[in-house]
Every structure is written in C-alpha cells, then in structure tokens.
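J.: Heads up, here are the entries from TrEMBL:
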TRANSMEM  72-91  transmembrane segment
TRANSMEM  103-125  transmembrane segment
TRANSMEM  145-167  transmembrane segment
TRANSMEM  321-343  transmembrane segment
TRANSMEM  376-402  transmembrane segment
TRANSMEM  414-434  transmembrane segment
TRANSMEM  440-464  transmembrane segment
TRANSMEM  484-507  transmembrane segment
TRANSMEM  513-534  transmembrane segment
Amino acid sequence: AGACTGAKQGLGQLSPLQPPVGTWPPALPRCRAAGSWALPRLLPTEPAVAHDRAWGASICVSLLKVPLMFGFLYLFVCSLDVLSSAFQLAGGKVAGGIFKDNAILSNPVAGLVVGILVTVLVQSSSTSTSIIVSMVSSGLLEVRSAIPIIMGSNIGTSVTNTIVALMQAGDRSEFKRAFAGATVHDCFNWLSVLVLLPLEVVSGYLHHVTRLVVATFNIRSGKDAPDLLKIITEPFTRLIIQLDKSVITGIAMGDESLRNRSLIRVWCGHEPPQVRGLQLHWAPLNCTTPGHCSTKGTESLRNITGQKCGHLFTDTPLPDLAVGLVLLAGSLIVLCTCLILLVKLLNSLLKGQVAKAVQKVINTDLPHPLSWLTGYFAMVVGAGMTFVVQSSSVFTSAITPLIGLGVISIERAYPLTLGSNIGTTTTAILAALASPGDKLASSFQIALCHFFFNISGILLWYPLPFTRLPIRMAKALGERTAKYRWFAVLYLIVCFLLLPSLVFGISMAGWRVLVGVGAPFLGLLLFVGLVNALQRRSPRRLPKWLQTWDFLPAWMHSLQPLDSLITRATLCCTDRCRKQCCKMPFRRKLEVATKRINMQIHENAITSLYLKLRITICHL
C-alpha cells in the first residue's frame, strides 16, 4: 500500500513521502511532485549488481548505448533537414507567390500572418528571413513593411519543436513537461508580438533604432553564414534530396518564368551541359555584283561539361508536390522512430547517480552573489549552440525530449529558448552582409530588426520574475494537454493555421473591419484573463456570479463536452462500437466513463484498487 501506483515520471520511480509518526488516522502516502512541476527524483530503476562480471557487462552495454544515442541524434537532425525540404517542395512556390504581393505586405497585420504561414510552409525561419533580406536588398520591399513579416517568421519557427513534443504523448507526465517546454517558445513570441507590433505601427521603434545603428557603423560586405552543422549532415541529406532554393526567392521577387521550374536540383556544380553552342562573328558584306552578297563569318562549337546530382530524385518523373509528400511521410517516420529510441536510450542511461549529476549541473544556479546571472548565462549557451547548428528549430527540438524526461526544468529551458531566438538572428545578419554594397544598409537594417525584436521581447518577459508570463502560460497549456491529449493537435491547428488565416482575411477587409472585430476580441481576452486571475487569488473581490464560470454553458468554459464528443467519436470508429454505440447508450457511457477513470493518474495503490473495484461493479 505504500507504493506510488502509476506515478512513474521521467527517468525513475518517485519515492513516497511518509506520513508523520503518531498521526491518526494514518495518511495515505503521496507521491513526491505529483501534480506539480517539480522535477522527478531520478532513482535507480534496477537492483544493484553484485558480481563483477555482471557489472562489467552492464558497463559494456552502457558504452554501446552512447554511440547508438549519437547515431539516432544524427538521424534525428537529418530528418529535420529533410522535413524542411519536404515542406518547401510542397508549399515553397506558394510561399514565394505570397511574398510577391506588395499590396498585401504593406498591411502590418497581413504581413505578420504572411510571415507565420510562410515559415510554417517552409519549416525554416532561416529560409523565410533570407527571402525577406533578399527582397529588401533588391528594393522590392521596404524595411518598414518587412518588420511585421520578420515578427511572423519568429512565431512560425516554433511549430517544429511543438510537433516533436507530440512524440512523447504516450506518458502523460512526460507529455505535460515536453509540451510546456515546446510552447514556452510560442507564448514568448505571441506575447512579444502583441506588445511590439502595435508599438512599431504607432512609433516605428524598431525602424528608427536600427536605422541609427546602421548609420553609426561603417558596415562592409561579408560572406555567407558558415554552415557548421551542415558539414556533418549534408553528406547524408544530399543523397536523399537537393533543392534549388533560388527558385522560391526568384518567384518572391517577381520572376514568373520560374513558376514552371522544379525545385529539385538536377545539375550540380555547373549549369546544365550545352552540347552544341553556336557563336557567330559577322564579317562585312562582300557584294561585288548586285544581288550576289556573301556573308563570311566563323562559328565555333563549345562543350560545357556538367555533372548530375546524385540524390534519389534526380531523374524522377514525379511533380514537386508528390516528391514533397513522399519525403514528408518518410521524414516524419524517421523523426518519430529516432525520437522514441532516443528517449528510451536516455531513459536507460540517465538514471541513478548519473541522472542526479546531470540534473544538478543543468538546473543548479551559479553561486550566491552571481545567482541572478544564471538565466543570462543559459541564454548565452542557447545562442552559441544555435549559432553552431544555424537553426533554432534543431536546438529547441533537441532539448524538448530532455524537458519531457525531467532532465531540464521549464525554468531552465525558458532562457535557453530565448538564447536560441538570439542565435537564429545571426543567419539573417550574415545573409545581409553578403548583399551588394549599394543595398547593404537596407538589408542589414532588416536583419537588425530581427535581432532587436528578440532583445526587446527578452527585456519585456524575462528580467523580473513576475514578468515571466510565458512560463505560466506554457505550464497551463501543459496541464490542459496532460488531461486532454487531443488538445495538442487542436492547439497546432488553431494557432498556426486557423487563427492566422482568420486574422489575414479580416485584415484584408480594411483597418475599420480589423479594429471593429479585433478590439472587442482583445478586450474580451483581457477581461477573461483578469477574471481568471481574481478567481484563483481573491475571489471575494468579484461578484458572486463571477466567482465561477458555472453560469455559462459547459462548452463555453470547459473542454469536457468536446472531450466526450471526441471520445465517443473515437469509440464509434471501431467495428465493435459501430454495432453497439447506437443500440446500447448505457454501455457506451460506461465505456467512456471507464476510459476516463483509467486515464487518471492515481496517487496510491488503495485508490487504484478502489477505482478498479468501482469499474467492475458498474460493469456487473
């Protein structure tokens, strides 16, 4: 009865808290950190090994697991690269066409939504920001119009690690932490946009500050961003697919001739070979007799050698969309498999004293006089790691499983994510430095806007503990997702597809319609947030009817009705329930109730036994 049934969290078993001696009636044991966000106590899950041979065998097995872990991590990063290529094949031309319409991009709200949707389509903020920098450099887009698009690309890049968090949905406690660790990035970006976009529209804050910075320094052209991670991953990913990303940029810059050109690269190194090139050098006309004119000239044949790319789809007859869908399915399968195996390997490696040491190193603050600098040091680490891999999606996706396992806390993951936001701006800055000299100032200015946007967001939502709203919002989303796992999919669809599309449609109707619809909606959100805060902390300050939301219909303040509908629909999809769900409503309700009880996290064995007995009695 003293065991904590169903309380397995993270990497080990949670130890029970013993009740005080001499109390009556004796309190049932509680699981440490049950229902809270404290990191699980990572205790050994296997008995101690007595014999030296067994101990040596376990050491050998552990040593074999380490290269396996790095191998799966390598495949995981490569699958993210192929996933980005798949999205570009499926929607890259559409994304480039969206960028082409300057009338749309001149609307700040529409520009924000375009940045979100395009980054979600190409699965790479580096690609979308590089396109924006190229358009500004070529004069097709003004700096002020490009700032909202940069903000939108910052939001769209956080969809990747949210998808990665879905892979840990099997364990509720892991899923809660992983989803919260992934969505803390979303919450930070959305809150920053809600404050800084209106400020930018009214005052032009980012535009003026970056213009002063560019005017102050004598900036010269440089080289492209160093691809440090791609040196390792490209030898493998180039065997699968290679893309010509200049097609997307060209479509965005108005070159209609590229619309029928495939994104799949066929020729590598040189232009396609020209078997016969004709060059004529005309000589003066030699007309000795009227009507008899001869033309003397020379012609030369030229052979240009080219080499075909060696990837799988070099000579494929399939269109880009079909290849993109094939790669999308394959990369998702590899990504899910590698992530599951990585979690299993980490689960077996990080336990006992090793897990405690890793937890302590990552989550412990600096010594007392400098403890307040711990978060900023984590930001530097996150920025440095992101600069090395040249992708914030790769870095945040790599730490998401560790957050789910309880190795990294949400409070430590937050500054790491903010540092990753800073590190990803170096891609746009280095891309801007590669621009021509006459367009360098404007392209470098828009790259600096990306940098100062993230710096401003950090100043808003990190320095003071009470301003760290993204952590509290992410934890609330994690709690909701642990209870209703389908909520994670709904969150992805709403936040990255439906809501941006709805806002885009309203913004295209004009400023009056946008203000008329958006202002009441934002006011309602602020009112609901304020009432929720007062209901939790001081409900007596509210009128009686506002102390709870029970006066509203259940579907307006609870996900339970929708959960019942989804559960019923899921059960009715099986062959067994197709025959019985309409004829036996009581049994259907009983199955739903049984599933609800089984999905609860039981605190101890007595409670678990009582619930099982209750289910049995109900069935009888």
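Placement of Cβ uses the backbone N, Cα and C atoms for every residue, glycine included.
Just tell me what is around each of these and how deep it sits.
T.: Within the chain, the transmembrane segment (72-91) has long-range Cβ neighbours (under 8 A, six or more residues past its boundaries) at 121-124, 127, 160, 229, 232-233, 236-237, 240-241, 243, 245, 248, 263-264, 320-321, 323-328, 330-332, 334-335, 338-339, 341-342, 345, 389, 391, 393-394, 397-398.
Same-chain neighbours of the transmembrane segment (103-125): 83-84, 86-88, 90-92, 94-95, 131-132, 141, 145-157, 159-160, 193, 197, 200-201, 248, 391-393, 424, 496-497, 500-501, 503-504, 507-508, 514, counting only residues six or more beyond its ends whose CB sits under 8 Å from a CB of the stretch.
For the transmembrane segment (321-343), the residues of the chain that approach it from at least six positions outside its boundaries are 69, 72-73, 75-76, 78-80, 82-83, 85-91, 164, 167-168, 174, 240-241, 264, 313, 401, 404-405, judged by C-beta separation under 8 angstroms.
Sequence-remote contacts of a segment are chain residues at least 6 beyond its ends whose Cβ falls under 8 Å from one of its Cβ atoms, and for the transmembrane segment (376-402) they are 73, 76-77, 80, 84, 123-126, 157-158, 160-161, 164-165, 167-168, 178, 181-182, 185, 225-230, 339, 342-343, 346, 366, 408, 412-413, 415-424, 426-427, 458.
Long-range contacts of the transmembrane segment (414-434) within its own chain (CB-CB distance under 8 A, at least 6 residues past either end) are made by residues 125-126, 129-130, 132-134, 137, 150, 154, 157, 184-185, 188-189, 219-226, 375-376, 378-387, 390-392, 395-396, 399, 408, 440, 443-444, 446-448, 450-451, 454-455, 457-458, 462, 468, 470-471.
Outside the transmembrane segment (513-534), and at least 6 residues removed from its termini, the chain residues within Cβ reach (under 8 Å) are 109, 503, 506-507, 541-542, 546.
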J.: Please give the sequence-distant neighbours of the transmembrane segment (440-464): residues at least 6 beyond its ends with Cβ less than 8 Å from one of its Cβ atoms.
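T.: For the transmembrane segment (440-464), the far contacts come to 129, 132-134, 136-137, 139, 143, 146-147, 150-151, 154, 188-189, 191-192, 195-196, 206-207, 209-211, 213-214, 219-221, 375, 379, 414-415, 418, 421-422, 425, 428-429, 431-433, 470.
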